[in-house]
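A.B. asks: Attaching a single structure in structure tokens format; questions to follow.
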Amino acid sequence: MSIPLKNDHLLRALRREPVDTTPVWVMRQAGRYLPEYRATRAKAGSFMALATNPELACEVTLQPLERYELDAAILFSDILTIPDAMGLGLSFAQGEGPQFAHPVRTRADVERLGVPDMEGELRYVMDAVRVIRRELAGRVPLIGFSGSPWTLACYMVEGEGSRDFATAKAMCWNEPALAHQLLDTLARSVAAYLSAQAAAGAQALMIFDTWGGMLGPSAYREFSLRYMAQIADALKSDAHAREVPLILFSKGANAHLAEMARTGCAALGVDWTIDLADAREAVSGKVALQGNLDPVVLRANPEVIRREVRRVLDSYGNHPGHVFNLGHGVTPEVDPEHVKVLVDEVHAYSRVLRAA
Ligand code: CP3
């Protein structure tokens, strides 16, 4: 028996139903800008030790909810858990980005990859979902997530973060069949991963396609969008995930919002380089939108933060189907008090907007 949700604003907004205040959560809301996160991470010893320990992952998932009136929790994990489970040897050096000991470069490397066992190598993720759902006790919904096949392939082929992911892109041009084989294995893995998270208790699912916007229009359709659509289709006929709203976020891909909306997803994440009014028009109000404050606004003073929050809410207007968020993750140097200013202003001003 699952406990009824005390705050279902996120799920209502994702279904484009009216809500009295706009729901808000923040990408990377559990992270290094919070001193209590840094303390738990130090106790765990490393990022992966933290992410693979369900009790500690639950602890850091709940930390931002203790400070702020957030309308959702997001599973504390990382998009690179899938390639790690595929045996690529993930590590995060302190203060640096992710690194793989065994990047994917050759046909043999791609052929070695299989869909990981969701209750085997990735059981720690599903256990974290179950523990977090229990501890949330219906306070707010829990969002599960995955990276997109394209964004995962970027890290897997490159072996680490990169400004242009030129090695991964070169594979698409030089060996398209190999790139497609890799992306198909990843799409099947992501669909199984999201389905397992839904079965474990995730109440919304999000795909982070952080590097989709690096591709030109036809390459975006061929190497990124097509595989997210494959996942959306698979989830539509999945017993666990069928009723769970799916949010797609391709950063830097605002030119493709209309096509993305046709995948059958419930919502699109939107970065800060487009007005939400224009984004709404692009999708003809057919999906909900999530975004889109520039994360760097959080480094401005509280008055500016409130003004920019109101600007985003005004841009969406008094219509159903808006989930307030940043246009990308909160960064480590942000003052935690500024996040409180943001969350409180979203609730206060959206209430005014509804009444107008
Ligand atoms: O949003 C949340 O609060 C949930 C947790 C979450 C993390 N990573 C925790 C994390 C989520 C949703 C992610 C997604 C993720 N991870 C993405 C897609 C979204 C985005 O931000 O573009 C990407 C590209 C990654 C890959 C990744 N993980 C990088 C590049 C890094 C290192 C650089 C960085 O931003 O810290 C990570 C590590 C990571 N993932 C940290 C956290 C809190 C920091 C690790 C630490 O504590 O040192």
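Glycine too: its Cβ is placed from the backbone N, Cα and C atoms.
Whatever TrEMBL says is automated annotation, not expert-curated.
On a predicted model such as this, the values are computed, not experimentally measured, just so you know.
Found this in TrEMBL, in case it helps:
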- 23-32: domain 'Uroporphyrinogen decarboxylase (URO-D)' (DOMAIN)
- ARG28, GLN29, ALA30, GLY31, ARG32, ASP78, TYR155, THR210, HIS328: substrate binding site (BINDING)
- ASP78: site 'Transition state stabilizer' (SITE)
- 143-159: domain 'Uroporphyrinogen decarboxylase (URO-D)' (DOMAIN)
A.B. asks: Please state how far apart, in Å and to a whole number, the two most distant Cα atoms are among ARG28, GLN29, ALA30, GLY31, ARG32, ASP78, TYR155, THR210, HIS328, the recorded substrate-binding residues.
C.D. replies: 23
A.B. asks: Taking the Cβ of ARG28 (substrate binding site) as the centre, how many other Cβ atoms fall within a 10 Å radius?
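C.D. replies: For ARG28 (substrate binding site), the count of other Cβ atoms within 10 Å is 18.
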A.B. asks: With a Cβ cut-off under 8 Å, give me the same-chain residues at least six positions beyond the ends of the domain 'Uroporphyrinogen decarboxylase (URO-D)' (23-32) that come close to it.
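C.D. replies: That would be 9-10, 12-13, 38, 41, 60-61, 63-64, 68, 70-74, 76, 143, 323-326, 328-330, 332, 339, 342-343, 346-347.
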A.B. asks: Take the C-alpha atoms of ARG28 (substrate binding site) and ASP78 (site 'Transition state stabilizer') and report the distance between them in angstrom, rounded.
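C.D. replies: Per the Cα atoms, ARG28 (substrate binding site) and ASP78 (site 'Transition state stabilizer') stand 10 Å apart.
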A.B. asks: Please name the residue among the binding-site residues ARG32, HIS328 whose C-beta has the most neighbouring C-beta atoms within 10 angstroms.
C.D. replies: HIS328
A.B. asks: Over the span of the domain 'Uroporphyrinogen decarboxylase (URO-D)' (143-159), count residues by DSSP class, listing helix, strand and coil in order.
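C.D. replies: Breakdown, helix to coil: 10 helix, 5 strand, 2 coil.
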A.B. asks: For TYR155 (substrate binding site), which residues in the same chain are close in space, meaning a Cβ under 8 Å from its Cβ, but six or more apart along the sequence?
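C.D. replies: For TYR155 (substrate binding site), the qualifying residues are LEU80, PRO83, PRO98, PHE100, GLY147, GLY161.
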A.B. asks: Counting distance between Cα atoms, which of the binding-site residues ALA30, ARG32, HIS328 is nearest ASP78 (site 'Transition state stabilizer')?
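C.D. replies: So, spelling it out, the nearest of the binding-site residues is ALA30.
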A.B. asks: When a 10 Å sphere is centred on the Cβ of ASP78 (site 'Transition state stabilizer'), how many other Cβ atoms does it contain?
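C.D. replies: Here the count is 19.
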